[in-house]
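Scroll down for the structure; my scribbles are underneath it.
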Amino acid sequence: MSDLSHIRNFSIIAHIDHGKSTLADRFIQMCGGLAEREMEAQVLDSMDLERERGITIKAHSVTLYYKARDGITYQLNFIDTPGHVDFTYEVSRSLAACEGALLVVDAGQGVEAQSVANCYTAIEQGLEVMPVLNKIDLPQADPERVKEEIEKIIGIDATDAVTCSAKTGLGVDEVLERLVTTIPAPTGNIEDPLQALIIDSWFDNYLGVVSLVRVRHGRVKKGDKILVKSTGKIHLVDSVGVFNPKHTATTDLKAGEVGFIIAGIKDIHGAPVGDTLTLSSTPDVEVLPGFKRIQPQVYAGLFPVSSDDFEDFREALQKLTLNDSSLQYTPESSDALGFGFRCGFLGMLHMEIIQERLEREYDLDLITTAPTVIFELQLKNGETIYVDNPSKLPDLSAIEDMREPIVRANILVPQEHLGNVITLCIEKRGVQHDMLFLGSQVQVTYDLPMNEVVLDFFDRLKSTSRGYASLDYHFDRYQSANLVKLDVLINGEKVDALALIVHRDNAHYKGRALTEKMKELIPRQMFDVAIQAAIGGQIVARTTVKALRKNVLAKCYGGDVSRKRKLLEKQKAGKKRMKQVGNVEIPQEAFLAVLRLDS
């Protein structure tokens, strides 16, 4: 298939649960990519974790051959994208390799904030966006209202949007027909020198680095010598091929196609995502515009439970970073937890997923500290520094001004839940920026402190709106705020891993809530354990985990009171001595208590 006019590269944009992976399954089934017995739900969500949570985390690609009604067989390269707000980076990578995108919208629920954000990304990248209404078989489906919403909220013409039901397979052939006519063919020249963009790469223990690429110009085949532009290293191609959805080797990959290249690269960072590949004979090919490096929003410390695992942990992180380039990490050490890494994530879901992948795929036991965001500090000597770890905060006397990151949040919510959402935003110290009424939905824009958003905002937004509100946010600016560092002291000793940076107005409340929570989680010892929350030198809250005590008077039947007093005094002295030398083991749950403060 050397003719580019028969190739269509597209991806699907959709909100979580709008039926993206199911539609992909139907495409694979209709184009005969898998035998009946191999067909299973969510073929592309290959990670166990993706299946359990029912979300797509990684971008995947599939090449299908579809015989259209005009008798021509088209090669469809379909790149699956995640729908969750934490994985926008994966989406922008997938879109960079396509000429078009299907915007899949649930005909019952209507447009959600996340699809709006991803759709704008697609339009900015110059893609042809084709609306598809899914779940048309549901009783609550209302295609006319949803078409109107698409036009009002996103601003693309949806009057003749295709309707289908991915679950029953109704109308899916119509989607494929429309796709072939609407989405433009790729441009590129097979005769030009090779120029290919790495969309994704992952590490295979046997094959080395496997890279998913989109070839812009030229061709690449087994035995070619390829040059990685960013590292300048040359590798020999072992095999090229496509996923349909199984690994299938082909003779070559040509301009306009999407497939994989295996070149025996053993260095984990040998083929970074967003990089350009070319042949070693034409090293001066232009670098393709990659994707913008995305900045992590949330930081947390990850520590192996046993210090022997530290090296394995480092290696696991390196392999994960290859596959998920939005993860960043630097080594750190903590008095309470030993050596570990400070990792940067895109959001809380991303953090949970990474931790779970480390524990499952690499068999590690990890302790996570409470997540924090980056604060900007203006010091009295005129310096500006950025702090992502409360225990690294300089002395308050040296700080002129503390600024916290503010995010601009777009929330789409049905009118009947608007009041609850506004109350939640005000409680989270939000400032309303804008409000638009779009049919039965309302789009509210708030400026919220990121510190309040990362912990539990998403969950609480869903629960106050019965799951109907959807959220999309991006970093906006740093703004001065009255922030303080809240330390937790256990038996008079500061535990660095439990420190928090909070707003002064909430400090007393947070301190009280945190000490109460810790009291439930720290097991009782043989001596009293005092848990205190302090701001600077001032203690704002205290609770005590009461000691377990043996009844030393049990053996005195009657007898003299002085005998009893002697035994009690002796016990008291023992407890006092124990308290001076005793250590308190802090369980993992206690470190995460910070997350579960019902603010």
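Heads up, residue numbers simply count up from 1 along the chain you see.
Backbone N, Cα and C atoms are what each Cβ position is placed from, and that goes for glycine too.
Feature annotations, reproduced from Swiss-Prot:
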DOMAIN    5-187  domain 'tr-type G'
BINDING   Asp17, His18, Gly19, Lys20, Ser21, Thr22, Asn134, Lys135, Ile136, Asp137  GTP binding site
Would you mind ranking the binding-site residues Ser21, Asn134 by how many other Cβ atoms sit within 10 Å of each Cβ and giving me the lowest?
-> Ser21
In the predicted model, what is the mean pLDDT computed over the domain 'tr-type G' (5-187)?
-> 73
Show which residues of the chain containing Gly19 (GTP binding site), separated from it by at least 6 in sequence, have their CB under 8 Å from its CB.
-> Val104, Asp106, Asn134, Lys135, Ala166, Lys167
